[in-house]
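Annotated features, as they stand in Swiss-Prot:
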MOTIF     13-23  motif ''HIGH' region'
BINDING   144, 147, 157, 160  Zn(2+) binding site
MOTIF     329-333  motif ''KMSKS' region'
BINDING   332  ATP binding site
């Protein structure tokens with residue numbers, strides 16, 4: 001079987017805030033898929049970066065009395081520590097504020113400009129006369145021009161749902177300074193998205209997107225595509241538009257290009273051919289994992305920019321839903337706006353990896369982290385079922401049989417059943433239906449435990465003439481545990497390493513499962529995973545308020 005060449009990305013976390021459990025849903029989803037691809041023998045690179053530009057970064061740095069460069073460096077360090085703690089294994093983690101990103105962004109812009117895809121026109125915007133800066137919609141608040149509700153942002157009303165321009169807002173105030181904005185004209189640069197309507201319609205209907213996303217895009221096509229404002233006025237933290245004074249690339253122009261920039265850095269470091277992955281006629285695979293809220297940028301602007309600058313388009317975009325906790329939006333007052341670091345202070349990161357896997361499918365439905373179900377699921381599935389197989393069997397092998405598995409198994413058909421399930425589990429992983437993969441695995445874990453219950457080695461060991469059967473039963477149980485942990489390795493990489501040490505093997509490999517471990521010496525079993533206690537959940541909630 002020919003090895004596939006795959007490049008995978010996750011959306012870039014913004015560099016003005018810390019990672020929380022909502023962010024982690026996507027990175028865990030992506031990491032599981034990448035680890036699975038590598039287990040299948042595919043060449044798979046996983047790149048990401050901090051999204052480090054924009055007005056919010058500039059203002060946050062100003063508030064902290066540091067430079068934007070210091071802010072984004074500090075935040076990048078925090079992000080990477082959190083990701084490493086959750087076993088998110090990037091091939092490269094970079095920043096959009098990099099030379100690679102500046103070079104590629106400039107190159108793409110110049111290609112689009114020469115081809116006639118960049119237009120200019122004068123627009124009217126809200127302007128803060130005190131801070132001497134134009135105001136993005138989220139930096140203006142006032143009364144909704146439709147229903148009159150106060151404290152609404154400059155683009156839409158959260159009360160009546162109306163959309164409008166910021167200059168229509170009544171009694172508007174600058175969120176930054178508190179003064180009343182004035183209206184001021186400025187020349188802006190636009191990417192002429194409507195020119196790509198035909199290519200985009202073809203691309204969005206060619207199997208690159210989930211059906212729900214493709215249907216949503218059809219609605220947007222009916223409404224008509226609009227030119228996209230890709231410029232922002234100084235002061236702004238970002239890359240200056242070539243040969244244009246006081247104008248910068250909008251953060252959403254260089255953010256997706258950050259995927260390419262991060263990969264370019266990896267290519268330079270590891271002697272990988274960048275063009276093999278991004279040339280227009282590339283035979284490699286490119287996948288973007290994103291949240292459903294940024295589909296417009298990734299499924300319209302991004303492929304259009306790539307087409308216009310003569311690069312390849314993504315093989316597919318995989319969107320997921322939002323995270324809710326206990327059925328509601330994450331909330332600081334309820335203690336459910338949980339930072340990654342807060343979680344790590346109290347719980348094993350692999351609990352969350354498993355629970356997300358148990359919930360995630362290829363659909364864009366929202367995922368609920370119900371903390372009661374979370375505790376019960378981990379205690380039942382991982383501790384009570386999977387780990388229990390090894391903990392019930394290893395003691396017999398170690399104490400009674402010199403740590404050595406038996407020379408043959410009396411239930412070879414049973415082992416074959418576990419092995420044969422590998423194909424369907426692999427299909428579920430490939431299709432990102434992790435929830436289905438987990439259900440197959442736990443069903444097998446139940447069967448393994450039932451097998452041990454049926455033979456009762458703790459009773460057989462008391463009978464001198466049943467020692468061989470005890471040896472065979474517990475040896476088979478250990479082999480079944482090995483199969484299950486191989487299937488779970490993309491989800492539980494830390495525990496998989498501990499199991500490799502316990503089993504005294506180099507690595508758990510999918511292709512090695514055809515044959516059980518025979519006459520093989522294992523090591524003493526050590527507890528692999530502890531139960532979640534109620535007070536651990538309670539302390540996380542308290543610490544998050």
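Even glycines carry a Cβ here, placed using N, Cα and C.
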Where does residue 147 (Zn(2+) binding site) sit in the DSSP three-state scheme?
coil
Which residues, sitting 6 or more apart from residue 157 (Zn(2+) binding site) on the same chain, put a CB under 8 Å from its CB?
144, 146, 147, 149, 163, 164
Helix, strand, coil residue numbers for the motif ''HIGH' region' (13-23) per DSSP?
3 helix, 2 strand, 6 coil
Would you list, in sequence order, the residues of this chain other than 144, 147, 157, 160 that have their CB within 8 A of the centroid of the site's CB atoms, where the site is the one recorded for Zn(2+)?
145, 146, 148, 149, 152, 159, 161, 162
If you average pLDDT over the motif ''KMSKS' region' (329-333), what do you get?
95
Greatest C-beta neighbour count within 10 angstroms, which of the binding-site residues 144, 147, 160:
144
Measuring CB to CB from the residue listed as 'ATP binding site', give everything in the same chain under 8 Å that is also at least six residues away in sequence.
544, 545
Please list the DSSP helix, strand and coil residue counts for the motif ''KMSKS' region' (329-333).
0 helix, 0 strand, 5 coil
